[in-house]
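Contents: one structure, followed by commentary.
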Amino acid sequence: MNNETTLTTDFILPLLTVIHGSIASIMSAIILFIIIYHQHNNRIKQEERINLILCVNIYLCIFLCSTMLILLNIQTLLGDLYDLNFDSTQCIFSGYLNLIFIYTLYYGFVTQALYRLCRIVYRTYRWFQVYWLYIIAVPVQFIIACLIMSPLFIRHIIIYIPDLYQCFIPTHNSLGTVWIIVFMYGLPILCLLIIYIHITIDIRQQSTNQTLAVKRRQARDFVVIRRIIILNSILFTLGVPGMILLIINYVTGNELTLNYRITWLSFELSMILLSILVIVMTPQLKTIVISKWKRNRVIPLAPIVENSGQIRTAGTLQ
């Protein structure tokens, strides 16, 4: 009975991951299309263009992460159903790409924070606020992710896990475990903390002897920063269960594939929540999405036709 329950749980978790991943992928793709369409068909200020390109970066990362996890968990489902063996170079490369996409997502928020730092603290350096600089930053961010994660691929730390039917870092590998905890989770948190503390101190120091317009701009910046801090806190809090399960596996020495399945499900749920929160926390993006939704609303014509017919009839009777 316990084995049957375990097998059922093992199958349901990746199935739910695929479902939620599909929702996250569709949401992120739609929002990506809306942003790109808006930028292409409207003249907007450079500051707003940079904000939107940073949102594009985040939603592209969400789409890639969600899609990759969908493919990996479909692989897990097929393995559970038909006991297939997916051990191959392609599987290992897929595990490597999965790590790259997750890394890029977390550091997408670091790139956003760096822009805020340059715009608020180093605003006299105008070349830090050039639109094309942040266009280039997106592929550079991906290249850095490839380089940082390459030792795991080159040293064959990413291997096939038979009961998971995926390639990933086994928890008994201390180097791989420490590597992803430090570079994928710890370092972006540290960078974000340093950047936002620096911004907050700078705003508070400049709050005296400033004109009313500057004070209003600083107050607006402070509100935006607070929203981003809340967003990042939620993002990294959602990653805590996966990190805890990873550490438990490492300490106990048990390679429980159930923990991997729970981690992927929680990650896909966080992608859905993240897709919504980025809209809520970004005023420009929120305005664009709401205006697009209002523009596409279908107004029923039947009542209008009926009312106009009644008016014409009343006019004829008179």
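Placement of Cβ uses the backbone N, Cα and C atoms for every residue, glycine included.
Features reported for this protein in TrEMBL:
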{"type": "DOMAIN", "residues": "27-290", "note": "domain 'G-protein coupled receptors family 1 profile'"}
{"type": "TRANSMEM", "residues": "12-38", "note": "transmembrane segment"}
{"type": "TRANSMEM", "residues": "50-72", "note": "transmembrane segment"}
{"type": "TRANSMEM", "residues": "92-110", "note": "transmembrane segment"}
{"type": "TRANSMEM", "residues": "131-158", "note": "transmembrane segment"}
{"type": "TRANSMEM", "residues": "178-203", "note": "transmembrane segment"}
{"type": "TRANSMEM", "residues": "224-250", "note": "transmembrane segment"}
{"type": "TRANSMEM", "residues": "262-285", "note": "transmembrane segment"}
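Counting residues 6+ beyond its ends, the transmembrane segment (131-158) has Cβ neighbours under 8 Å at 46, 49-50, 53-54, 56-57, 60, 92-93, 95-96, 99-100, 103-104, 107-108, 111, 115, 167-169, 173, 175-176, 179-180, 183 in the same chain.
Mean pLDDT for the domain 'G-protein coupled receptors family 1 profile' (27-290) in this predicted model: 86. Within the same chain, residues 54, 57-58, 61-62, 64-65, 68-69, 71-72, 141-142, 144-146, 148-149, 152-153, 156, 158-160, 166-169, 180, 183-185, 188, 191-192, 195, 228, 231-232, 235, 267 sit at least 6 positions outside the transmembrane segment (92-110) and bring their C-beta atoms closer than 8 Å to a C-beta of that stretch.
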